[in-house]
Amino acid sequence: MSCNISMMKFLNHILCLSLVLSISMTTLSFAQTCSKYKFSSNNVFDSCNDLPFLDSFLHYTYDSSTGSLHIAYRHTKVTSGKWVAWAVNPTSTGMVGAQAIVAYPQSDGSVRVYTSPIRSYQTSLQEGDLSFNVSGLSATYENNEMVVLATLMLSKELGNGGTINTVWQDGSMSGNSPLAHPTSGNNVRSVSTLNLVSGVSAAAGGAGGSSKLRKRNIHGILNGVSWGIMMPIGAIIARYLRVAKSADPAWFYIHVFCQASAYIIGVAGWATGLKLGGDSPGIQFSTHRAIGIALFSLATVQVFAMFLRPKPEHKHRLYWNIYHHTIGYTVIILGVVNVFKGLDILSPKKQWRNSYIGIIVALAIVAALLEAFTWYVVIKRRKLEESSKTAQHGATNGGRSQYA
């Protein structure tokens, strides 16, 4: 009995420790640096904004009486073989419909800069006229920094109190042809709204980010918690808590509750993933999607298999156990792998990846400690049982010898 109580206390302490390690959230702020920048051409602008992603900055002067917007878009850390773009989208907050200015350094040291209207996700950034007039277009490239200068006439585009939707990007070149930009991480976050009168800039869709980005974050959190954390914890409960005889049958119901909750949350995350895929034509993450579908399918089969579970003494129970454990551990492995695939796609701050790695390492340490403790309890229990049997056998033989 004392071994059972010790086992339960040890498990509770370890699981509480892993839960504490799993709670890690940090927030970083960006420092305003664009106001200290001095242009080599002695250009001076009334306002500037540090753009939150892709090492970019926007300097501008806006004349509300004429709708004229004089801009300097700076993109730092630009290596040769890369293109950059900044755009105004008069119709929406996304990529399609954006009226872009594209620039890239050429092999001869010059810079090509031109305008390109974005009509689809499959754009190759072909040169073309924008929906508004652009003048004074030029660009310079020095010390891995691209600076694009232009004057935009936006009188018709400003129908919301001087607020415009902006998009900025970068990508690789193939010769003199721009390739598609990455479809993950900061490259899908680089959208914002800018009020040219007040100078207030915010992520498109509000301070909390665009609705699509919120959906991505919700999708990631739901799947990370369910497939990536709750499923492994449920397996740990089933494998190690059952060793304590006093925990029978409580361990089973805790295990079922944990895995059922993980499945329900995971299905919700899976559904948000399907919705995101439907809302993002031309953007596909085939491996992540395939693993997600496999996870949902295997977990669903596992749930329904519970209704066919034979009794412990049934002759087919051994085969059911093999099936149940194989599918269960496969789901856990695929779940953890797909969480890391999702982190690669979202490219969040390093704290998120490090936190999840910390959780997985903590759970692995928990499993290793409990595995060792479980074998200790089992071996000790067997020795006690063998000693008891030996004592009973000796007592029986002694009783018989008295009457021999």
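Just so it is clear, glycine is given a Cβ too, placed from its N, Cα and C backbone atoms.
Listed in TrEMBL:
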type	residues	note
SIGNAL	1-31	signal peptide
DOMAIN	54-171	domain 'DOMON'
DOMAIN	183-379	domain 'Cytochrome b561'
BINDING	His219, His255, His288, His324	heme b binding site
TRANSMEM	220-238	transmembrane segment
TRANSMEM	250-270	transmembrane segment
TRANSMEM	290-308	transmembrane segment
TRANSMEM	320-340	transmembrane segment
TRANSMEM	355-379	transmembrane segment
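Cβ atoms under 8 Å from those of the transmembrane segment (220-238) belong to residues 15, 18, 22, 251-252, 254-255, 258-259, 261-266, 268-270, 272-273, 292, 295, 328-329, 331-332, 334-336, 338-339, 342-343, 346, 348, 356, 359-360, 363, 366-367, 370 of the same chain, restricted to positions at least 6 beyond its ends. Long-range contacts of the transmembrane segment (250-270) within its own chain (CB-CB distance under 8 A, at least 6 residues past either end) are made by residues 218-223, 225-227, 230-231, 233-234, 237-238, 241-242, 244, 292, 295-296, 299-300, 303, 306, 335. For the binding-site residues His219, His255, the largest tally of other C-beta atoms within 10 A is found at His219. Local packing around the binding-site residues His288, His324 was summarised as the count of other Cβ atoms within 10 Å of each Cβ; on this measure the leading residue is His288. The residues of the domain 'DOMON' (54-171), classed with DSSP into helix (H, G, I), strand (E, B) and coil, number 0 helix, 65 strand, 53 coil.
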